[in-house]
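Quick look at what TrEMBL annotates:
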- 16-119: domain 'Fluoroacetyl-CoA-specific thioesterase-like' (DOMAIN)
- T35: active site (ACT_SITE)
- E43: active site (ACT_SITE)
- G62, R114: substrate binding site (BINDING)
- G62: CoA binding site (BINDING)
- H69: active site (ACT_SITE)
Amino acid sequence: MSGLEPGLAATEEHVVGDADTAVALGSGSLPVLATPRVLAWCERATCAAIDSRLPDGSTSVGTRVRLDHLAASAVDARVAVTATVRSVDGRLVTFEVVAVDAGGTLLAQGEVRRVVVDVDRFLARVPA
């Protein structure tokens, strides 16, 4: 895919709020950063890394995720999520993702795979 290459990266900063907790998202019973929110932030960073380089009329869709959530984060913690393109194979883009807190503690790490698709063709195949 022209314009996409290993090394492209984006980092996004977040502050954990009440709406980001396991309690709020229903993924647990503790008021700490929820794994589903970490995953959403990781996917958002992958999009930020490549969206500006995609052809007009194209987007990317997530197809596979592996995420290890390694440490808890409290409400008000600052979290930086970085997605880095590790490989590009045709339309398949593989990212390394990491999340760290303000103190440098590794909170999560993993891999996200996205496929570049034509928006109109993709949506035409989605059942109503």
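Cβ atoms are placed via backbone N, Cα and C, with glycine included.
TrEMBL feature annotations superimposed on the structure.
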residue	record	contacts (Cβ under 8 Å, 6+ apart)
T35	active site	A22, S27, L67, H69, A108
E43	active site	G62, V65, V112
R114	substrate binding site	T46, C47, I50, S60, V61, G62, T63, L92, V93, F95
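Confidence over the domain 'Fluoroacetyl-CoA-specific thioesterase-like' (16-119), given as mean pLDDT on the 0 to 100 scale, stands at 98. Across the domain 'Fluoroacetyl-CoA-specific thioesterase-like' (16-119), the DSSP tally of helix, strand and coil residues reads 27 helix, 51 strand, 26 coil.
G62 (substrate binding site) is surrounded by 15 other CB atoms, counting those within 10 A of its CB over all protein chains shown.
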